[in-house]
Amino acid sequence: MLRSTMSSTALLLRGGNIARRIITQAQAQAPSSSSLSLVASSSSSYSNDHHFQMRWNNSGRMMSNGSYGESIPDEYIEELDETEGEWIGCSKKFLAPISVSSRGSEILNNPLFNKSSAFKSGERDRLRFRGLLPPRVTNMQIQKERVLQEIRVEESMIRKHVILEDLHDTNETLYHRILVDHMEEMAPIIYTPTVGQACNEFALRYRRPRGMYFSADDRGHMAAMVYNWPQPVVHVIVVTDGSRILGLGDLGANGMGIPIGKLSLYCAAGGIAPHRVMPVVLDVGTDNEALLKDKFYLGLQRPRLQGPAYYHLVDEFIQAVRHRWPDVLIQFEDFSSDKAQKILNKYRDESLCFNDDIQGTGATTLAGVLGGLRAKGEQPTSLGDQRILIAGAGSAGIGVAQVLLQAMMEHGRTEEEAKKCFFVADHLGLLGTERLHKLSPEQAKFARDTDGGMSLSDIVNKYKPTMLLGMTAVGGLFTEQLIKDMAKHCERPIIFPLSNPTSKAECSAKQAFEWTDGRCIFASGSPFQPVHMEDGRIFHPSQCNNMYIFPGLGLGVTLCGAKTVSDRMLNVAAEALANFVTEEELAQGKVFPNLSTIRDVSKKVAIAVIEEAIRTGQASKLSQREIADLDSFVSKKMYDPIYVPLIEKRTISI
């Protein structure tokens, strides 16, 4: 019985010296119209660079190189599975085996290596766990369907999250395969909005260690502690101090759910291998009274470190990880506004690092704004003609303002001209120069000479902004009257309520579209369902989520060997994302591409970042051959979650 009706049979094998027996077997079982394609490794090292392809027709005559087929007799595959080494049918590339020092139950308990029921008979024997699994061998597709069925019968999003994290802790390959193949469905489960509840309940649901914790009690020991991490190479670290988790505030060590979720997206969306990432919490205590009294809380139950002691701890951590992994990318995540910019300013010019809340949110919002201008039939150069009201003057709001300001200047505006386009307000109203002594240097840049303290409603009616961006974590802040006033002054207002989770969004998609009679251009921080208008129109709201930027940014800077993340890298990443949106998507009301295309988006972002690194002389790792074909180079480097053969590492005694 053949697996398909295609006209050729393909095999990958190790050891060309046994090819003749296999060819004879395959010819005997293949139909007369079929040909056999055989790829054999010419090196015992299983190198991807040393293999050859031969094709024979049904008369046993060798043909020229050709494409791999997909029809293989079941009996033939079973025969191959029992031989030494791995034979991979229906594959477009040779899968080099991984040599593992562990065996038996150790492998089954290692989520990086575990395949569960997909371990084939030969692997079960040579790795010594025959009998430790049910006897039936199932492929990844069956495993995936089983997990999806379990997830889809659950109504609770947090229960879905728990199911996926249980899989994450037992079989990382299958976990990431499900994310890659079903990103639109899975992203809201593993990250916003569900991750907020997962963080709130982190201690209650804690089962298995993941990531590293560097606490205030570890001061003086971090340089040694980093060697407790089992992987010799780390490409990306996401670190939080838990002080400002989404819009939920100080969650302390419970904030570990954020780095874990972000790095899942790095792997699935950005193609970073899961054994090359490390989630980190800096536990400096918590000022959350509920956590200080919670008997289940797993972090330090003491007030947060402040002042020099806090910054010394951060510095010790940075120095420790960069000593062991000099090329690692460090992503700062969910640090409180009073510390986020200071930390970024200190390290951004000397380390490969960025702050996702400041720079990632800014770049993603810029991409959405550029998409919004396209939807209005305007060019990027018109960015400097906009009037932008930003509700929220924390790290995210100021970060967005800084990125938009930089983009305006790149399109010909002076800094003074560009600053006049911004109206930034906090809980006290419009930032004004009368408050300069209380503002950070970054906030002060956007303080206006007049109307300090003016309310959002008064700003809208006096200055008639064309954009309303929300980063306040105040649910429902954008009232019906405020949105209607925006629509009265602007034919197609851009309205982005960006706060997370959904309960903290300044308005919903349904409200924005209904209150503007469908004229607004909308994107939100958390996902919303399509909006059905009474006249039959259907709008598909976009999610302005940083996952469109940071996986590709991380992939790009780590592949090319960049030493810093420049502002221009963030801008070209935003432009690449904006250009990925199709005209059809714009017509549906979207300003971001479908999440199903996220890996293609990440590749385009990575290429744009690498090209900028090349232009500025930062691409230290690339050869001329790789530079000549960046598309192929990046594609080949992206992690693809598939099962690969495992063999036992053997020590040869002399």
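Backbone N, Cα and C atoms are what each Cβ position is placed from, and that goes for glycine too.
Going by what TrEMBL states, the divalent metal cation site holds Glu333, Asp334, and the candidate of Asp315, Asp349, Asp357 recorded there is Asp357. The (S)-malate site recorded in TrEMBL includes Arg244, Asn545, and the single candidate from Asn171, Asn200, Asn500, Asn594 that the record places there is Asn500. Neighbour counts of Cβ atoms within 10 Å were compared across the binding-site residues Asn500, Asn545; the minimum falls on Asn500.
Long-range neighbours of Tyr191 (active site, proton donor) (same chain, six or more residues apart, CB within less than 8 Å of its CB): Gly261, Lys262, Ser264, Leu265, Asn545, Met547. Annotation for Asp334 (divalent metal cation binding site): same-chain Cβ neighbours under 8 Å, separated by at least 6 residues, are Thr240, Asp241, Gly242, Ser243, Arg244, Ile245, Leu246, Gly255, Ile258, Asp357. According to DSSP, Asn545 ((S)-malate binding site) is assigned to coil rather than to any helix or strand. Taking the centroid of the Cβ atoms of Glu333, Asp334, Asp357 as the divalent metal cation site, the other same-chain residues with Cβ within 8 Å of it are Thr240, Arg244, Ile245, Ile258, Phe332, Phe335, Ala340, Asn355, Asp356. Non-local contacts of Glu333 (divalent metal cation binding site) by the CB criterion (under 8 A, 6+ apart in sequence, same chain) comprise Val238, Val239, Thr240, Ile258, Pro259, Lys262, Asn355, Asp356, Asp357. Per-residue pLDDT, averaged along the domain 'Malic enzyme NAD-binding' (358-614), amounts to 96 for this model.
The (S)-malate-binding residues named in the record, Arg244, Asn500, Asn545, extend over a maximum Cα to Cα distance of 17 Å.
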